[in-house]
Amino acid sequence: MTTGSMLSGSQGCLVGFSKPTVFTGASAMFLLVYLALWKYHDSTNPLLASASSLPGDESRPLPGAHSPHDFLERIMSCDPDEPKKENVLLQKNESMPIIYFVTPTYARSVQMAELTRLGQTLSSVPALHWILVEDASKCNPIVGQLLRRLGIPFTHLASEMPAAYKKLKIPPRGVSNRRAALKWIRRNVKQGVLYFGDDDNSYDLRLFEEIRDTRNISMFPVGLIGDYAVSAPVVHDGKVVGFYDSWPAGRRFAVDMAGFAVNIKLLHQFPNATFIYEAGFEEDSFLQEIVTDADFIEAKAANCTEILVWHTRTVQVPAAILQPPTQTLTETSISALLRRLDDMQLATISSKGKPSSVHYLTNV
């Protein structure tokens, strides 16, 4: 072993040698046994993962990506009262199953606009619990303020995408968030209906009444998907017999994430069912775990002939980089407004940004 070489530990520890070292006899045997035990520890610990396990071609999925236990997500609860009350089942109505509406979200310029629009839609739905999961290491307090202001029963979590998957050409966005939500539901909820609703989709209020009585798994069309402008189950004699989707890609269940709902009892019957970290195959991986009989699939939305949810997309507006105005009247609102823009990811305030100015009324 030459000068400066190191042994890399599985928990980020580095053992360095400042000069050439020769191991002989008992010391060499001890080192070999130690390294063998360490390698075994590394390969059996699901919490340990490193960029060195990535393939050379970033377009390929990670080795073992189809295993539900690639990573154990770090989940942060953002509700300070949750340890006391779990912030669950706040609306109790024995005759109306609660819909647990899971939304992954991430920081971008249009995030608060999307969440505001979605939240005001959900505020019109009775017996609904919103589980909002941020793709971040900690929760954004601005998002928390919105949740509290809307008055919807909610759970606010943060679960960041593992760093290894951020390097892929098509990162599997939302997987860590949904996996975190599944874990939270299994720990805290016994009954109800689970639905995955992205923050940029558009929802007909009739959708919620359609899915509320889901006994096992219900499916329905999603508009504005792919080359067919729709992704939909195909129904014959009241049963789902196939899927109309322009990107089948070998999937058994060629459905969009917004195109199905699940009775929560199935999450407990199949406690290991989750999503894989592979873009485009998340839905299929999850459904293959819990759909043991296609006859259990319930066709909603008039036998899958109506569209009650659309995969709309908001134009992504790059966040501005602004210099604050150089001449302002004292005690105006501009300073607070600029801070708000920064908090909401709409703009970054920097001395290197684009100059901005205030056009004052001439009589001020």
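Using the three backbone atoms N, Cα and C, a Cβ is placed for every residue, glycine included.
In TrEMBL, annotation is done automatically, which means it is predicted and not curated.
The annotation UDP-alpha-D-glucuronate binding site is assigned in TrEMBL to PRO104, THR105, TYR106, ASP135, ARG173, ARG178, ASP198, ASP199, ASP200, HIS311, THR312, ARG313. Annotated Mn(2+) binding site per TrEMBL: ASP200, in sequence order. Under the heading active site, proton donor/acceptor, TrEMBL lists GLU283. TrEMBL lists ASN303 with the feature N-linked glycosylation site.
Locations of recorded TrEMBL features on the structure.
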residue: PRO104; record: UDP-alpha-D-glucuronate binding site; Cβ contacts under 8 Å, 6 or more apart: VAL133, ASP135, ARG173, GLY174, ASN177, ARG178, ASP198, ASP199
residue: TYR106; record: UDP-alpha-D-glucuronate binding site; Cβ contacts under 8 Å, 6 or more apart: GLU134, ASP135, ALA136, ARG173
residue: ASP200; record: UDP-alpha-D-glucuronate binding site; Cβ contacts under 8 Å, 6 or more apart: VAL110, GLU114, THR312, ARG313, THR314
residue: GLU283; record: active site, proton donor/acceptor; Cβ contacts under 8 Å, 6 or more apart: ARG251, PHE253, VAL255, ASP256, MET257, GLY259, PHE260, PHE275
residue: ASN303; record: N-linked glycosylation site; Cβ contacts under 8 Å, 6 or more apart: VAL235, GLY238
Longest CA-CA distance among PRO104, THR105, TYR106, ASP135, ARG173, ARG178, ASP198, ASP199, ASP200, HIS311, THR312, ARG313, per record bound to UDP-alpha-D-glucuronate, angstrom: 20
Other C-beta atoms that fall within 10 angstroms of the C-beta of ARG173 (UDP-alpha-D-glucuronate binding site): 16
Protein Cβ atoms within 10 Å of ASP198 (UDP-alpha-D-glucuronate binding site), excluding its own: 20
Cβ packing number for THR312 (UDP-alpha-D-glucuronate binding site), 10 Å threshold: 13
